[in-house]
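Encoded as structure tokens, the structure appears first; notes follow it.
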Amino acid sequence: MAAVGAALGPLVTGLYDVQAFKFGDFVLKSGLSSPIYIDLRGIVSRPRLLSQVADTLFQTAQNAGISFDTVCGVPYTALPLATVICSTNQIPMLIRRKETKDYGTKRLVEGTINPGETCLIIEDVVTSGSSVLETAEVLQKEGLKVTDAIVLLDREQGGKDKLQAHGIRLHSVCTLSKMLEILEQQKKIDAETVGRVKRFIQENVFVAANHNGSPLSIKEAPKELSFSARAELPRIHPVASKLLRLMQKKETNLCLSADVSEARELLQLADALGPSICMLKTHVDILNDFTLDVMKELITLAKRHEFLIFEDRKFADIGNTVKKQYEGGVFKIASWADLVNAHVVPGSGVVKGLQEVGLPLHRGCLLIAEMSSTGSLATGDYTRAAVRMAEEHSEFVVGFISGSRVSMKPEFLHLTPGVQLEAGGDNLGQQYNSPQEVIGKRGSDIIIVGRGIISAADCLEAAEMYRKAAWEAYLSRLGV
């Protein structure tokens, strides 16, 4: 039963009011960027709401006529829900651990187990159904029967079909579609938000399979667009399109962070590593011997080896000031850099100032949505604000500096610094992730590598190792 009458509306509204449902741009555990994020963990601090959710789950089980002997909540959010249900209704409860203890009984399931009895599974949110299925398999190994599961919210992304294929009926208090309908009626969200979420759900349905491995007839999620396909999108920025095409041609999504202090070393790195990279990132304000002639030589090398030049200036002032910093001064950045970046702290004026200079020159800008340093404040609302600003200025903004994919729009590029072949960090707060983690799991497009290459005994060999690792991670994401 998908609803429990008049109580559903107030329940959904109550959960929204405590921010259990969040709308914007969020990167899921899978690396997929989603316009909605559901987090019910906070209800444990709100006893009345916790009891209301638990009562609704139990009533849904009663309405469905399910016969069961024990209850088990999927760890961890559903555990307090199962506890309230069992305590209120005097039902024996079982606890499934996520990992076996290495001491004591070393059991995965705690509680009194009577083989042959039926256990009802409780879950907060179901997407693919994998968490419910994992719990069911653990319980079944203990000799228990699992025929049904109750969930507060079904995201309608194939979980119900997957569980059905394994003999488990899923009963939801509410579907995501119904939740959106209620929130729109209550004017909590607008029609555009509803449309975005529904499109995302329709385009990202998990494929279920029968026990014999044959797929069920539900919609398969479309494969991610390749770099070459994204380069041809009608609304793609010309600079982004050019970059994506050369990435595909050269089979590289590696950006070299050439943070060196001598112009000669900068040019030597550009010439030697140019064939392996799609972009070279500069910090011209640390060059001891900067001249515009040096940048002219760099442009020549960029054309010869087909890579773009990205000045990591991190503009962060009012529009009029950044405009002058971009086009004038000693560095005259706009005259030689294909791309620059900016913080969103000053507001949209920073982008407007930059684009007044950059648009006529066919330049592009990256917004800093996340940073790879410990304690960075570029998270949460800040990141979402960066995404909104990019969408509002897509005629100039081509993407983001971020630790993962922060926007669903394939027109935007994601570049991630703080990458090494092995995860780790330094003593100044920099955090490192591997190419497979950044590209394959978090959905970024380009890795930015500096010390991992420049400090290597053989820079070219190191660059090729990073190039291959990042490209293979990209191919694995495509399923190639």
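Placed from the backbone N, Cα and C atoms, the Cβ positions cover glycine too.
Taken from Swiss-Prot, the feature active site, for OMPdecase activity covers Lys314, Asp317. For Ala2, the entry in Swiss-Prot reads N-acetylalanine. Annotated phosphotyrosine per Swiss-Prot: Tyr37, in sequence order, evidence recorded as similarity to another entry. Sequence annotations record features per position, and here Swiss-Prot assigns region 'OPRTase' to 2-214. The feature region 'OMPdecase' is assigned by Swiss-Prot to 221-480.
Mean model confidence for the region 'OMPdecase' (221-480) is a pLDDT of 92. The two recorded residues Asp317 (active site, for OMPdecase activity) and Tyr37 (phosphotyrosine) have their Cα atoms spaced 32 Å from each other.
Reported as a whole number, the C-alpha separation between Lys314 (active site, for OMPdecase activity) and Tyr37 (phosphotyrosine) equals 29 Å. Tyr37 (phosphotyrosine) is surrounded by 15 other CB atoms, counting those within 10 A of its CB over all protein chains shown. Of all the active-site residues listed here (Lys314, Asp317), it is Lys314 whose C-beta has the fewest other C-beta atoms within 10 angstroms.
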